[in-house]
Amino acid sequence: MQGKIIKGIAGFYYVHVAESGIYECKAKGSFRNQKVKPLVGDDVRLEVLNEEEKKGNIEEILPRKNQLIRPAVANVDQALMIFSAAKPRPNFNLLDRFLILMEYQQVPVVVCFNKQDLAAEEELAVLEQTYRSAGYEVRFTSAAREEGLGEIRALLKGKTSTVAGPSGVGKSSLINLLVPEAEMETGNISRKIERGKHTTRHSELFALEEGGFIFDTPGFSSIYLPDMEKEELGTYFPEFARYEPKCRFQGCAHIHEPGCGVKEALEAGEISPIRYENYKLLYEELKEKRRY
Ligand SMILES: Nc1nc2c(ncn2[C@@H]2O[C@H](COP(=O)(O)OP(=O)(O)OP(=O)(O)O)[C@@H](O)[C@H]2O)c(=O)[nH]1
Ligand SMILES: [Zn+2]
């Protein structure tokens, strides 16, 4: 039988088998000699030990399409990045860091701005323009009013998507609408912390009714840039690629150089000032880091 690991807790792996359910498995297969550790997201071959009790044994880990380090998950097709359009206002620096991290790991991203009901039309237009012109899929939702969910479902269908976002943007509310079985606790952040919720929650994959899986990751408030030279940073801003051939100097950093194609595109309104400002900030950050 073949299935997908949706969760791993204390040496047990929970394997989702289409039309059969979830099996609690141990990893005893020959792959153990090959030093491969099963990961959430792995497609595996399993032997059923007890159908009644839904117990099994993982015999083989099938070849991985990819393997992310942050978050640790295998076979991811895309990332669904959730920010709120308002309350809290999107932290663009955090969003751009996330996009760089995903570019680095070669994972396509869909940027979803939730709470569209709380933002003005003009604000939504800026968000859309900023990230669409950078080459990303952009969607708007309101979990509160159940708006925009059809489009998100269509994007998720048949794929494995990791869902990420800072706290308080409505990620749990959205996941509950997409997979009611997930029963994520929603609401006031401080109340949740009081209950110690964040210490007990495991990251896991949820099967979607229409096919595909979503991988819920804990809310975050900071992201470290992947280890790289500052000169590489521009390669993780996909919108720069078109304009770089116009830069006068080879290896142009797009900051102080004259005759810079990227800065010309910025002035012409073809590259977003929000994105460019973050590029400069992150470039400085990488420069500082390398000094020590
Ligand atoms: N107005 C409005 N409020 C929303 C929307 N989505 C969620 N909320 C509210 O925003 C608050 C945070 O929602 P959650 O779903 O708990 O947020 P979260 O991102 O999962 O937060 P963490 O679990 O802390 O990571 C709750 O009070 C929700 O009711 C929305 O689309 N519009
Ligand atoms: Zn340049």
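Backbone N, Cα and C define each Cβ position, glycine as well.
Here's what TrEMBL has on this protein:
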type	residues	note
BINDING	Asn114, Lys115, Gln116, Asp117, Gly165, Pro166, Ser167, Gly168, Val169, Gly170, Lys171, Ser172, Ser173	GTP binding site
BINDING	Cys247, Cys252, His254, Cys260	Zn(2+) binding site
DOMAIN	65-223	domain 'CP-type G'
DOMAIN	74-221	domain 'EngC GTPase'
Most Cβ neighbours inside 10 Å, all chains, among the binding-site residues Lys171, His254: Lys171
Cα proximity to Val169 (GTP binding site), best match among binding-site residues Cys247, Cys252, His254, Cys260: His254
Candidates Asn114, Gln116, Ser167, Ser173: member of the binding-site residues with the richest Cβ shell (10 Å): Asn114
Secondary structure content of the domain 'EngC GTPase' (74-221), with strand meaning DSSP E or B: 57 helix, 35 strand, 56 coil
Neighbourhood of Gly165 (GTP binding site), C-beta criterion under 8 angstroms, separation at least six: Met81, Ile82, Phe83, Lys171, Gly219, Phe220
Val169 (GTP binding site), number of other Cβ atoms within 10 Å: 24
All-chain count of other Cβ atoms within 10 Å of Cys252 (Zn(2+) binding site): 21
